[in-house]
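Trainee: I'd like to ask you about the structure that follows.
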Amino acid sequence: MVVLAAFRDGWTALRKNPTLLLAGFAVAIVSRLQRTGTLTDSAVVDGLASITFFVAFPFVTGGFIGMALEAVRESETSIRRFVRAGRAHYRRMLGATVLFTAVAMAVVFGGLSIVTIGGVVWLFSVETVGETVAFATMAGFVGAYLLTIVLVLTFVQFYDAAVVVEGAGTTGALSRSVDVVRSNLPGALVFSVLWLVLLNTVLQPSAMVEAVESLSIAATAAGPADPRAIAAGTVAIDLGVAPAIAQPIGVAVPAVTGAYLYTVYTAFYVRLVAEMADSSPAAASTGVSG
């Protein structure tokens, strides 16, 4: 199965090219910019960090995919390749990222109308059809909303790989992603679910790191345990993990796991393109301009 093969390819490439971990560290550093505002509690800093993230992320992503592409193709890669790929594809990556963000926002916010309609139906149908039917109707609207988001993002998610791997243009990147996903939709859906689950839970437990930070801050603010708090069962527990320690963890964990996952991501796209070329040779030479 192409999905499992991509995960194996990712492990092999990372094992033979540990330099990918350094590039993964760069991606993790840029990604952490999204949390700068919550750490400083400053709207100005948060805004500047968000802008910096939006401008820098296409560069580090393009650079990493360029390195991963060499590694997946069993070539030795280097940080120099990271910089070259980031520079070479930056403008198209930035433009495609803007388009991807626009599509994602349109789907997310535009789809809220579905949930709104469902809420109105639920409110006016509770007394008429009963709570069970009304709840099922509302659940159906929410389910349709979430399914729409998943399907749309699944089709356009490979825009950055299309830019780096095939040289797609700004607008052609999203359409190329759609074409490639259509060539193996079941595999793309399975991969998307696995990739997102692993990215957000097992392999990149950012939620766990944030929980450690929150508990540590709460414990520090609470100070020594009060006997009255002990009696009330509300003792502040000092985990012994300060935010200064949790922050490096929040970078180190994504650096390693993110390097692996983005290598798998690149390997999967390469395999999809290869399968598409085998089944329809003419398809590989179209849809990559823009």
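Note that Cβ sites are derived from N, Cα and C of the backbone, with glycine treated the same way.
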Trainee: Using TrEMBL as the reference, determine which range in 51-72, 227-248 is annotated transmembrane segment.
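Mentor: Checked against TrEMBL: transmembrane segment maps to 51-72.
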Trainee: I need to check the long-range neighbours of the transmembrane segment (144-165): which residues 6 or more away from its ends have a CB within less than 8 Å of a CB in the stretch?
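Mentor: 58, 61-62, 65-66, 69, 85, 89, 92-93, 96-97, 99-100, 103-104, 107-108, 111-112, 114-115, 172-174, 176-178, 180-182, 188-189, 192, 265-266, 269-270, 272-273, 288.
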Trainee: Please indicate, using numbers and ranges, the residues of the same chain that are 6 or more beyond the transmembrane segment (51-72) and have a C-beta under 8 Å from a C-beta there.
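Mentor: Sequence-distant neighbours of the transmembrane segment (51-72): 9-10, 13-14, 16-17, 19-20, 23-24, 26-27, 30-31, 33-34, 78-79, 81-90, 93-94, 96-97, 160-161, 163-165, 259, 262-263, 265-267, 270.
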